[in-house]
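Enquirer: Pasting a structure below so you can have a look.
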Amino acid sequence: MASLPREPPEDAKKQSFWMPGNYVRTVHRTEQSHQACNDIVACFMERAKVEKQYAQQLSQWSSKWKSIVDSRPLYGSLMRAWQCFFTSTERLSALHSSISQSLIAEEGERVKTWQKETFPKKLFCGFRESHDNNTSFSRAQKPWSKKLIKLEKARVAYHKSCQREQTALDKEKQANENSEMSPEKKQKITEAREKATEEKEKTRERYEKVLEDVTSYTPRYMEEMEAIFEQSQEEERKRISFLKQAFLSIHRHLDITNNESVKAVYSELHHTLMSINDQDDLKWWKNSHGPGMPTDWPKIEEWVPPVKKLKRKKRDQKRKEGRPVMIGGVKVRALYDYVGEEGDELSFKAGEVFLKVEEEDDQGWCRGVLSGGKEGFYPANYVEVVE
């Protein structure tokens with residue numbers, strides 16, 4: 001069973017807001033709120049650093065394993081699925097990097113700017129709000145404090161008179177019980193007791209009078225103090241409201257569970273994983289590395305005549321001397337495939353028909369024009385005249 005709450009200690013009453021000087025807690029709240037802003041900025045700047053480091057770690061992990069996976073013998077949809085983890089991670093890395101930047105550039109600067117505007121300082125007096133509150137509270141409490149001091153003095157005087165009366169009563173009692181004491185002495189003790197009692201009554205009257213003065217002034221004192229306190233409360237309410245919105249904004253940045261980009265990343269990753277297809281992968285392997293690969297089975301290979309190396313300087317010299325050009329050209333058909341090695345040589349496939357426009361030179365080369373219009377040289381022994 002839960003224990004009952006303890007009675008507040010006697011000194012708790014002295015800690016009350018209404019007691020002299022205890023308003024300073026409310027005055028210091030402004031400084032504490034300012035410090036809280038510094039702590040909030042420092043806290044989430046550190047979180048921004050964590051987000052940045054996490055983004056870097058994600059990127060490093062992705063780069064490391066992407067290069068490893070690329071060298072592994074996986075293939076097909078299984079390879080694409082594995083690689084999708086890395087592309088997804090890169091996108092998440094970019095997201096966490098943007099979170100870090102937002103916490104610094106948006107939220108950190110926002111709180112700093114608001115803090116500067118909300119906590120103006122007064123020359124040599126700290127924060128203006130603290131100074132104004134302290135001055136107002138002190139002014140409102142000063143008359144009541146003076147009355148309270150007078151009340152305490154009256155209380156002390158009354159209690160001392162009570163103590164003196166009690167001492168006189170004790171002496172009177174002892175005297176009455178002492179049969180050997182003379183009546184004259186007993187009379188003096190009685191008179192002393194009566195005087196103490198009279199003094200006690202007077203001090204009590206003064207005590208009650210001072211208390212009445214304090215009590216009658218208390219409502220005014222409370223009204224003034226509460227008015228100042230409520231002004232402080234309103235300023236604190238504005239601060240709490242702002243920081244609530246700041247926290248919600250920070251939450252919006254950090255809460256990636258509702259981020260559409262994150263949802264898209266994991267949705268695409270899941271789609272890629274579900275696209276793993278064993279039949280397609282096995283078929284690709286069969287056609288790329290198995291029985292389905294194209295193969296040049298053994299067959300008779302026709303002899304292809306060698307091509308004489310074209311001596312270009314000699315050919316150019318001959319061309320300057322002039323060579324007869326065939327009017328209209330002669331149709332020829334390629335007997336073999338040929339790929340030109342230089343820019344002025346023709347390339348063609350076996351069976352292709354084009355025009356020969358210049359007779360064979362002493363190096364075994366002719367000049368021709370392909371059907372597409374390109375003109376160049378080709379080995380004469382790679383074609384035959386079309387009848």
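Quick reminder: no glycine exception, Cβ is built from N, Cα and C everywhere.
All annotation found in TrEMBL is predicted automatically rather than curated by experts.
Annotations for this protein, taken from TrEMBL, read as follows:
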- 10-281: domain 'F-BAR' (DOMAIN)
- 165-204: region 'Disordered' (REGION)
- 182-204: compositional bias 'Basic and acidic residues' (COMPBIAS)
- 327-387: domain 'SH3' (DOMAIN)
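Are these features on the surface or tucked inside, and what touches them?
Expert: Sequence-remote contacts of a segment are chain residues at least 6 beyond its ends whose Cβ falls under 8 Å from one of its Cβ atoms, and for the compositional bias 'Basic and acidic residues' (182-204) they are 154, 157-158, 160-162, 164-165, 167-169, 171-172, 175-176.
Summarising model confidence by region, the domain 'SH3' (327-387) averages a pLDDT of 91.
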Enquirer: In the domain 'SH3' (327-387), how many residues does DSSP assign to helix, to strand and to coil?
Expert: 3 helix, 30 strand, 28 coil
